[in-house]
């Protein structure tokens, strides 16, 4: 299993190590040089937007700052006050949303060097621990109109925000339920391509494994964001991560990568793997990487 604790290409997504700025909840203050609640969706000819080299549906803007982006599924609408960038693409205005790694564990995993998040246009994703939908909205952008995000959130308060957001995004299915009991929403979720989990519970790895048994296709992707202190605050973070990896292995999930999420999140790691990957399939994938 590959462990990563630095960005793969050495490029910075924030000059001077400064975070992207946003104006709500989990964010780190206001947007740079913008009043609270403002966005910038004007046509910017100085910004070059290019596809991310590893992740279909994810983009990078090259300008004064390098920013992680997703193409807005609902142009003209922001979800949580995020900055929007519009560029001219062959005579057509295309709008992108800035994806802040300080507000999204999945974005942090990408910036910190993950090689595969198992999501792309057309994917079906089961998202556990959806909260109010900040990261869910970007996954919605990634999978696009042909994909679906099944977003599970237990909190009724966050669930209301999630439902309101999903009204404008038809590819999100909000599920206000406890992820520890997947049988309660088994009639709503089909077989999916990937499970992403950001559930802050001591048994979060077991929760992921249980949902995988219900909903994840054979060979499907598993992305687990782990906060060490939520699992066991009495031992070092690396010990916690190693224990969680072993739990995944015992539940037919083969870890492939472990990515630390610092400096975006302290004592966090993302473990990325495959579910019930057969020996022949693993050999085929290994040979493809060598080629």
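Each Cβ is built from the backbone N, Cα and C atoms, and glycine gets one as well.
Listed in Swiss-Prot:
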REGION    1-45  region 'Disordered'
COMPBIAS  1-12  compositional bias 'Basic and acidic residues'
COMPBIAS  20-29  compositional bias 'Basic and acidic residues'
MOD_RES   28  asymmetric dimethylarginine
MOD_RES   62  asymmetric dimethylarginine
BINDING   134, 135, 153, 154, 178, 179, 198, 199, 200, 201  S-adenosyl-L-methionine binding site
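For the binding-site residues listed here (134, 200), the lowest count of other CB atoms within 10 A around the CB belongs to 200.
Considering other CB atoms within 10 Å as the measure, the emptiest surroundings among the binding-site residues 153, 198 are those of 198. Each residue contributes its Cα atom, and for residue 62 (asymmetric dimethylarginine) and residue 153 (S-adenosyl-L-methionine binding site) those atoms are 35 Å apart. Largest Cα-Cα distance over the residues recorded as binding S-adenosyl-L-methionine, namely 134, 135, 153, 154, 178, 179, 198, 199, 200, 201, equals 19 Å. A strand conformation is recorded for residue 62 (asymmetric dimethylarginine) in the three-state DSSP classification. According to its DSSP assignment, residue 200 (S-adenosyl-L-methionine binding site) is coil. Spatially close to residue 178 (S-adenosyl-L-methionine binding site) yet at least six residues away along the chain are 154, 184, judged by Cβ distances under 8 angstroms.
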